[in-house]
Amino acid sequence: MFYEKIQTPAYILEEDKLRKNCELLASVGEKSGAKVLLALKGFAFSGAMKIVGEYLKGCTCSGLWEAKFAKEYMDKEIHTYSPAFKEDEIGEIASLSHHIVFNSLAQFHKFQSKTQKNSLGLRCNVEFSLAPKELYNPCGRYSRLGIRAKDFENVDLNAIEGLHFHALCEESADALEAVLKVFKEKFGKWIGQMKWVNFGGGHHITKKGYDVEKLIALCKNFSDKYGVQVYLEPGEAVGWQTGNLVASVVDIIENEKQIAILDTSSEAHMPDTIIMPYTSEVLNARILATRENEKISDLKENEFAYLLTGNTCLAGDVMGEYAFDKKLKIGDKIVFLDQIHYTIVKNTTFNGIRLPNLMLLDHKNELQMIREFSYKDYSLRN
């Protein structure tokens with residue numbers, strides 16, 4: 001397979017899989033009337049932005065650099081939200097963006113005069129979420145993200161055209177329905193004054209089993225009831241199962257177990273495997289145990305077990321233990337599946353480890369080098 005020929009580490013995005021996701025997302029927009037935006041925080045692959053732009057209405061950004069990236073690589077609708085905008089950046093953000101969403105009333109009042117040409121919105125803290133982990137719960141206790149309903153009382157909203165909420169993380173249409181119920185209960189008296197409402201991200205639309213028809217109905221019914229334009233801003237759903245991270249075995253050592261050291265890193269290249277945590281699937285291998293050594297399955301006859309580890313000094317830079325049909329050898333390729341979303345955007349050069357190259361497998365089944373990183377990239381960051 002083509003994996004054997006490439007320089008590692010490398011992310012390989014597959015165009016056909018990306019288009020399949022985008023076709024589904026575009027279909028949701030067409031059937032529901034919602035406008036679907038790409039959330040760059042989860043997927044910002046420069047070589048694929050034009051492809052995504054064929055299907056989605058634009059990008060949602062978290063600050064100046066993402067807004068500039070959206071302008072450079074897609075140049076469609078640009079919606080920008082930040083927990084706190086900076087004085088020296090707001091002017092350029094306003095010039096790039098169509099929508100600007102403020103996180104607090106103080107920020108809205110501070111920058112209203114500098115954003116008069118934009119469609120302005122406020123982020124709502126629904127104070128309700130079904131997020132699977134508190135780390136990813138934007139509506140939890142002491143959350144800095146958004147404005148509570150009680151703080152909307154007696155506020156002049158004449159300059160505000162939209163409301164934004166974000167309360168989901170890799171979740172279902174049922175979860176959105178539950179959040180919408182609370183959102184309408186708490187913020188219903190202001191929704192009718194708006195031109196648009198943004199349902200945020202975290203919608204696992206392209207995952208197998210997601211109830212797409214329910215999502216369409218929720219968006220359409222909401223829009224019809226309140227007379228507003230609905231926006232969705234998936235990130236992970238765009239990049240979901242569209243490509244992999246390819247690494248090579250650099251060394252194999254024995255310490256009670258066979259340990260393969262790879263030219264990649266969970267810490268630097270797959271950080272969510274540590275943060276969530278989760279154990280990545282590997283091509284042509286089975287998971288035996290998680291990185292915390294939690295047993296998942298037993299080793300079968302004629303299989304070979306290896307602990308896959310990263311090439312950094314972090315003791316816990318471990319991917320997990322896996323079963324292979326044959327013994328690994330130095331130079332073998334290890335392919336971590338579904339590693340395009342929330343990886344590239346989070347990469348670090350910890351320990352001076354090489355940034356994985358960015359590659360695209362196009363519709364002709366030809367590999368294109370999108371970004372080939374070098375020492376200079378490390379030097380410029382430090």
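The backbone N, Cα and C atoms fix where each Cβ goes, glycine too.
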Where Swiss-Prot places N6-(pyridoxal phosphate)lysine when the choices are Lys41, Lys214: Lys41
For Asp272 (substrate binding site): intrachain residues, at least 6 apart, with Cβ closer than 8 Å: Tyr278, Tyr342, Thr343, Lys346
Lys41, Glu236 as recorded positions, winner by CB count within 10 A: Glu236
Where Lys41 (N6-(pyridoxal phosphate)lysine) sits in the secondary structure, as DSSP reduces it to three classes: coil
